[in-house]
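Engineer: Here's the feature list from TrEMBL:
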- 144-353: domain 'Inositolphosphotransferase Aur1/Ipt1' (DOMAIN)
- 24-44: transmembrane segment (TRANSMEM)
- 64-83: transmembrane segment (TRANSMEM)
- 104-124: transmembrane segment (TRANSMEM)
- 177-197: transmembrane segment (TRANSMEM)
- 204-223: transmembrane segment (TRANSMEM)
- 285-306: transmembrane segment (TRANSMEM)
- 313-334: transmembrane segment (TRANSMEM)
- 340-358: transmembrane segment (TRANSMEM)
Amino acid sequence: MPPISAVMSRFRFGSLLVREDARLNLLLAAVVAVYAAVVYLVAYGAGLQAHANYSLYSSAAQSVAGLSLVIFVIGYVGHLALVRRVPRPVRVIYSDVTGLLRDPVVLLNGLWPLLIIPIFMSSFTSFKSMIPVLHPFSFDPLFADLDQMLHGGVAPWELTHAMFGSPFATVAINAAYNLWFFVMWVFLFLQIVRVYAHQERVRFILAFVLCWLVIGSLFAFLLSSAGPCYFGRVVLGVADPFAPMMTRLEVIDQGFTATGSYFGVWALDTQNLLWDMARSSETHVGSGISAMPSMHVSVATLLALSAFRIRRWFGWIMAGYAVMIQIGSVHLGWHYALDGYLSAVLTVIIWWLAGRVVRSVA
């Protein structure tokens, strides 16, 4: 039997963790609540109440959580069987899971973010769909000129198409780019269930929320732009400098379509779908048009920063993926290169700030 002092020490440590987790969870809830309230007030004040929908991601979050759980279990079984060589890995998992479910701290830490993140993302999409009305796209010509100036007088898309312009490379980039949604949600879910990581876990979730709030909402509103793929639709009276790029993408896509291939430049259909939704003033999962700054690059950068805290090799893999996302965002016409550069810098600042805030609150 352990001495009473040891038992009391563990009890005090557990109580400290409960109080620490409670403060961190309240911090997350406060940020989300304030953001959701601001979005509603903006929608109400601008007469855009139809855009405000706080349940957009409820079913999507459930599906992602279920899929992520399956991936986690498969990976854990593989780790137990191949790395630790446990004779009965399923029994070990059952014991671990039942032990976790009996821990109220685990339930609180695991369920709380799962409840508030879908509300937050629904608030974000609601606000994003309102940006063209609140602040019509006006910075596309400036960003196109800055892009060319920063790259020695050459448009960045010309550089990516010179290096990765083959049909196979373009389709591969598009496939990897589309995986971003899956990678983001799975990484987020796995961070949420890292209930014993405490400060590192909350730091990631807080930084994740702040990236969407600061970069994807505030800066997107202030620097309202549609992106290269929509340049010809929002900037009238001038020649579209991105028309040759879009023509190249369409030719590549038609080549795959002609052979009956499943693959193609999927970005083209997605861009048209988003444009149609924007014109109809409908708010759906993933709807809204905003180029500057790039949330694809921001989130990919955040995943890399967090991955380095888990394993260095994992961090390098995610850093490589972030670079690929930056290339793909330009190559497929979604973003100006400057969008990604600004996003990466702001994300690093937010990651640092989130660390300071979490340590202060804890």
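Keep in mind that glycine also has a Cβ here, set from the backbone N, Cα and C atoms.
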Engineer: Give the nonlocal contacts of the transmembrane segment (24-44) in its own chain as ranges (CB under 8 Å, at least six residues past its ends).
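Structural biologist: For the transmembrane segment (24-44), the list is 51-52, 54, 108-109, 112-113, 116-117, 119-120, 123-124, 126-127, 130, 134, 198-199, 202, 205-206, 209-210, 213, 217, 357-358, 361-362.
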Engineer: Counting only pairs at least 6 apart in sequence, do the transmembrane segment (313-334) and the transmembrane segment (177-197) share 3+ Cβ pairs under 8 Å?
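Structural biologist: Yes, the transmembrane segment (313-334) and the transmembrane segment (177-197) are in contact.
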Engineer: Name the range, of those listed as 64-83, 177-197, 204-223, that has the largest tally of Cβ pairs under 8 Å with the transmembrane segment (340-358).
Structural biologist: 204-223
Engineer: Restricting attention to the domain 'Inositolphosphotransferase Aur1/Ipt1' (144-353), give the mean pLDDT.
Structural biologist: 93
